[in-house]
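The structure appears right after this line, and notes come after that.
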Amino acid sequence: MARMQGCSVLVLDDSDKLVNKYDHKVTVVCSYDPQGMAVRLLQEGATPPKQLEEYLVSGAGTTHLSRGHTSHMLVVGGELVLFRFASRGDCQQFRSLLHKLSGKVNSVFNLRTEDSSASQYFQFYGYLSQQQNMMQDFVRTSTYQRAIYNNAQDFQNKIVLDVGAGSGILSFFAVQAGAAKVYAVEASNMAQYAQQLVSSNNLTDRIIVIAGKIEEIDLPERVDVIISEPMGYMLYNERMLETYLHGKKWLKPDGKMYPSRGDLHVAPFTDEALYMEQYNKANFWMQTEFHGVNLVALRDAAMKEYFRQPIVDTFDIRICMAKSIRHTTNFLTADEKDLHRIQIDVEFHMLETGTCHGLAFWFDVEFAGTCSQIWLSTSPTEPLTHWYQVRCLLQTPIFVKQGQVLSGKVVLAANQRQSYDVEIDLKLEGTMISSSNTLDLKNPYFRYTGAPVAAPPGSNTTSPSEAFWSQLDAQGARNAVNLVNGITVNGLGEVDMSSTIINTNLMAIGGGANGGGPGGHQPNIHPGLISSTGRQQQQQQQQQQQQAAVGPQQQQQQQSTTAQQLAMTPPIGCAATSTQNVAQHQLIGGAISPSLFTSPAQPILNSHHHHPGQPIHGNQFY
């Protein structure tokens with residue numbers, strides 16, 4: 001930010017003569033803006049400072065002309081403005097900023113990005129609500145934290161670059177791990193909020209916030225580590241990974257990158273319900289008498305449009321018909337030009353017979369530190385993140401048989417809208433059957449509703465009804481043993497639904513051994529929701545008879561015990577677990593916690609139970 005005081009501002013009047021726009025001097029403040037440079041005019045002497053005018057000076061839409069040693073003329077938005085500075089030094093400083101701005105017009109970022117797309121992009125990430133959306137993704141944020149903490153050796157007394165810092169949360173993690181200095185580069189207006197957080201946390205000497213694009217800013221020194229969260233849907237969307245790779249021009253030889261590698265997984269899937277959902281949307285245009293109008297002429301165009309939309313949601317991995325193909329990008333060795341066109345050759349050996357409706361995508365990234373390797377996964381087998389998973393439909397599905405080979409390619413072609421066109425070509429080997437589709441990753445269909453993921457049809461190998469009643473009978477038989485202890489149960493045990501009957505189609509909540517509360521049990525149906533069987537009145541009568549046969553002291557003890565039990569009983573409709581409120585109110589990406597829909601227990605930091613992203617065996621994580 002640059003400030004030039006004692007400046008006069010002149011404009012053309014109706015007779016095309018230069019006249020003073022204000023009857024007083026102003027202070028000219030120049031600051032970074034995602035679209036160029038913001039020039040603000042402040043009234044001098046006003047408390048608090050009063051802004052009189054603001055001009056957005058962009059390299060492409062602004063004409064500027066020197067007028068002597070102390071004056072400079074701009075044409076902004078059709079208005080001619082002459083700045084007459086108090087000194088030659090102030091004028092030279094202003095011209096220097098304009099000169100740098102003209103150089104930014106041809107930056108790598110601007111050459112590959114439409115102005116309208118960049119404007120929307122930086123506006124989106126300039127909202128605190130969007131930063132909160134990402135920060136509340138527990139898996140994302142905690143895995144980054146764990147990766148940095150577990151590899152503190154890579155950060156202690158090191159210089160770190162945070163590319164696309166946003167709120168600065170990763171910069172804070174780096175400092176907490178011992179970093180000597182962090183350059184937090186952020187191109188959106190979020191940079192000012194990041195600066196406020198740095199100042200309020202008394203870290204201005206260790207975190208330097210730089211407002212600007214990594215392709216356009218200068219650093220005073222090279223860095224030891226680059227950290228960033230550059231992943232989008234299907235890993236590559238938003239083309240932020242190219243910016244991340246561009247930052248390597250500031251990385252020392254043998255420097256570290258967090259993350260260091262990305263794997264995009266591709267698998268064929270079957271989902272008749274999803275296919276018909278999209279298909280039926282287009283059938284709206286089959287109407288021949290819609291308020292007297294025949295819509296049929298647009299039906300084919302509508303069908304093509306709906307099937308060009310990638311589907312963003314989550315699913316049961318059992319809908320995948322073959323093992324996923326993995327495409328790896330090593331961030332340490334890859335060049336940003338490698339991401340302009342990404343071709344993935346696929347060959348799927350089908351594991352089951354059915355209709356292939358398209359390809360499913362998800363990604364994993366690795367933090368290859370000196371002390372440990374941590375993985376962040378968006379697989380459908382892992383807790384849900386704000387990246388979800390992505391599915392690309394074929395307008396013409398392919399029927400396949402177990403043992404057949406489905407081959408072809410997936411091409412991600414980068415466009416200037418900070419996204420990709422996804423081209424899919426598949427062929428069933430040994431036949432003439434093939435199908436292809438081109439999708440627009442910039443225009444996805446956000447289908448996720450927060451509902452539990454349903455198992456694919458045909459997943460039950462036993463009768464769910466018989467299993468339910470068998471468990472109910474078994475629990476009743478076990479509780480009948482209570483008769484030995486003198487507890488009246490009217491011939492049948494009181495059925496405890498909370499510990500035995502767990503619907504296998506619903507996933508557990510929380511942090512116990514079996515995904516439940518402190519005791520490891522999480523009920524999906526609370527016993528308070530089950531209507532009385534008629535034995536309650538008989539039990540009350542027999543309890544009254546028993547109380548009449550005991551002394552007053554024993555009655556008082558029984559009443560005390562009953563009161564304690566009632567105090568510990570959760571409200572009707574609530575799960576009997578102490579972790580309920582924590583799990584049910586924890587938000588992920590502004591939506592619903594993945595812990596509500598996944599069977600793994602909720603990770604708890606700084607405990608010996610679960611650490612998100614920390615590998616144990618194979619692809620399993622704590």
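Using N, Cα and C of the backbone, Cβ positions are placed for all residues, glycine too.
Per Swiss-Prot, the annotated asymmetric dimethylarginine among residues ARG308, ARG447, ARG478 corresponds to ARG478. Together with GLN131, ARG140, GLU186, GLU215, THR243, the S-adenosyl-L-methionine site in Swiss-Prot holds one more listed residue from GLY78, GLY89, GLY164, GLY292, which is GLY164. In the three-state DSSP assignment, the secondary structure recorded for GLN131 (S-adenosyl-L-methionine binding site) is helix. GLY164 (S-adenosyl-L-methionine binding site) falls outside any helix or strand according to DSSP and counts as coil. Cβ neighbours within 10 Å of GLY164 (S-adenosyl-L-methionine binding site), excluding its own Cβ and spanning all shown chains: 23.
Taking the Cβ of GLN131 (S-adenosyl-L-methionine binding site) as reference, residues of its chain lying under 8 Å away and at least six apart in sequence are, in sequence order, TYR125, GLY166, SER167, MET190, TYR193. Cβ neighbour counts within 10 Å, taken over all protein chains shown, single out GLU186 as the most crowded of the binding-site residues GLU186, GLU215. Under the DSSP three-state reduction, GLU215 (S-adenosyl-L-methionine binding site) is assigned to coil, being neither helix nor strand.
Across the domain 'SAM-dependent MTase PRMT-type' (118-425), the model assigns an average pLDDT of 97. Residue density at ARG140 (S-adenosyl-L-methionine binding site): 22 other Cβ atoms are found within 10 A of its Cβ, drawing on all protein chains shown.
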